[in-house]
Amino acid sequence: MTIVLKLTPKEISHLIVAYQPDTSVASSPYIQFLAKPPGCVITVYTSGKVMFQGERSEHYASQFGYKHTPVAKVQQTNIIGTDEVGNGSYFGGLAVVATFLSDEDIPLIKKLGVDDSKKLTDTKIRQIAPILKDRIQHKALLLTPSKYNEVIESGYNAVSVKVALHNQAIFLLEKQLSVVPDHIIIDAFTTEKNYTKYLKNEANETSGKVTLIQKAEGQFYTVAVSSVIARSLFLDELDDLSQNVGISLPSGAGHKSDLTAAKIIKQLGESTLSQVAKLHFANTEKARKLNK
């Protein structure tokens, strides 16, 4: 579990003194103090925010004013929800969206029939996504295939890329809000342990408590809205990329993607493929073999 608190300079001084015996070396210039007491990693940032990560994060955070508030299954508003689309597709980029809903938004969400994007047709998504983008507070990020490949080559992996994008979308949305959300829900794409591990590499810190929930898009409207908007962004970009190369690019990572990639390599070269596909997928090598 990850908990982030904003502490006063006096509280931070007390924390540093209390956990001096557990001090660890920090590798980031944004980190003022790092301690690793049993079951938790405590990171004090120069901004004044303190992050508690690990199975005992609530225990340590409670010493500095944190009070646990369980996520109510029926609560649908005053929550940030995030989801991503494109991570399982060879062609196209990776879209991540963070959404915030107020009580006033719920009637519209129900009227539009918002649901997990995987349960909606592409036609339905294209119909309702523009309305959601116009009426609902959200932050959308789209990592193009070329940028995705560049980031992977720089040392990120498929999971750490998503952690970075989800964290950034939440961070930017929080800056737009005039209220503090009760919870931040992420449709779980990895374990909480992995998420907190990769989160340490990110400079921007979200202020709310983050919870990863399996199949959250079927439980929270905020995540479902994020899913729909992200799917629409992914589809629009896939259309644009198809038009750019003059070849229809399929979604997914099946044999059809292998054949399409082989066609692109043969006709346009691998440099063009790198502009429309995630090269670290196994489809790339399969396409090369098809051309031999």
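Residue 1 is the first one shown; counting continues down the chain.
Any Cβ shown, glycine's included, is placed from N, Cα and C.
TrEMBL entries are annotated by machine, without manual review.
Note that the structure is predicted; figures quoted are calculated from it, not measured.
When D187, D236, D239, D240 are compared with the divalent metal cation site residues D83, E84 in TrEMBL, the one appearing in that site is D187. Across the residues of the domain 'RNase H type-2' (77-292), the predicted structure has a mean pLDDT of 93. Of all Cβ atoms in the shown protein chains, 30 besides its own fall within 10 Å of the Cβ of D83 (divalent metal cation binding site).
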